[in-house]
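Copied from Swiss-Prot, the annotated features are:
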- 107: active site, proton donor (ACT_SITE)
- 97, 107, 146, 176: divalent metal cation binding site (BINDING)
- 241-276: region 'Important for dimerization' (REGION)
- 176: site 'Important for dimerization' (SITE)
C-alpha cells in the first residue's frame, strides 16, 4: 500500500469514528454495533450499525478497503482503458434513517480508487458527496443543507458547488419515476483534475461537512409530533429510496459485482417500507407538496 493510500485510509477510519460518536451522542440511547469483516478476495472493513434508538430507527456507517486483480464492470464500464488493472478501493459510506418522519434521511459517501498496473503509474481518483431525503420538507433545512455544501466547496473554486450540485441532481434521479430521490446536495466522481493533495483535501472537506450539515436539521425537527399518517407516508417514500439503491446506485452495484460483503452493502436499506399501487397524496396536502415543490431541481441558495 502506497503512502497516499495509507493517508487516505487513516483519514477514513478517523472520519467513521467521529461520525459515529456524533450520531450516538445525538441519539442518546442506541449505540453502534461494530462488525469487522474480511473479504476473501482481498481486503475488508468495519461495518457499524445502529438500530431502534430514540432518534435513529436504523443507520449504518461503513468503512471498507477492498483490493483485487481487476476492476469490476461497474467501475471500468465508463473507462475501458482501465480494464484488467488491479485496484484498491477505500471509502466511508453512511445512511441514517430516523424514526420521526419530520427528520430527513441522510446519505454521505467519500471514496478513493487507485487502478494499478506493474511498471505504470497508478491511475487514481476520488469520489463522494452527501444528499438529503426529506419526507415532510422545510425550506429552512433545504437552504441550510445546501449552504453547508456551498461553503465546503468555496475554497476550491466558485464553479465547484454548482457543478457538483447539478451532478447530484442528475445522479440521484429515479428515471423510471421521473423524480429525484431527495433535495440533493453534492455528488462527484472520477475526481483527479487537480493534484493529489488538492483532491484529497476536497474529499476531506466534504467528509467533514456532513455532520455540520445534518445535525442542526436533526436538532430542529426531532421533537416534532407525528402519527400513523406521517409514518405511512414515510414508509411509502422510503420505497423510492430502495428502488434507487437497488437499480441505479453505482456503489451498490460495485460492491455486489466485486464480491463485497452483502450485509454491509445493503445496510443502507430502510427497516420499514411500503408500496401502494398507484398511490397519490391528497391534493393540497403536505404529502403532495413534497413532490410538487421540494422534489424539483431548484437553486436553494438563490435569494437566501
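Quick reminder: no glycine exception, Cβ is built from N, Cα and C everywhere.
Annotation for the recorded positions 107, 146, 176: lowest Cβ count within 10 Å of the residue's own Cβ, 176. Note: the region 'Important for dimerization' (241-276) comprises 22 helix, 0 strand, 14 coil (DSSP; helix = H, G, I, strand = E, B). DSSP gives residue 146 (divalent metal cation binding site) a helix state. Looking only at the binding-site residues 97, 146, 176, the one with its C-alpha closest to residue 107 (active site, proton donor) is 97. For the region 'Important for dimerization' (241-276), the model gives a mean pLDDT of 88. Cβ neighbour count for residue 97 (divalent metal cation binding site) (all protein chains, 10 Å cutoff from its Cβ): 25.
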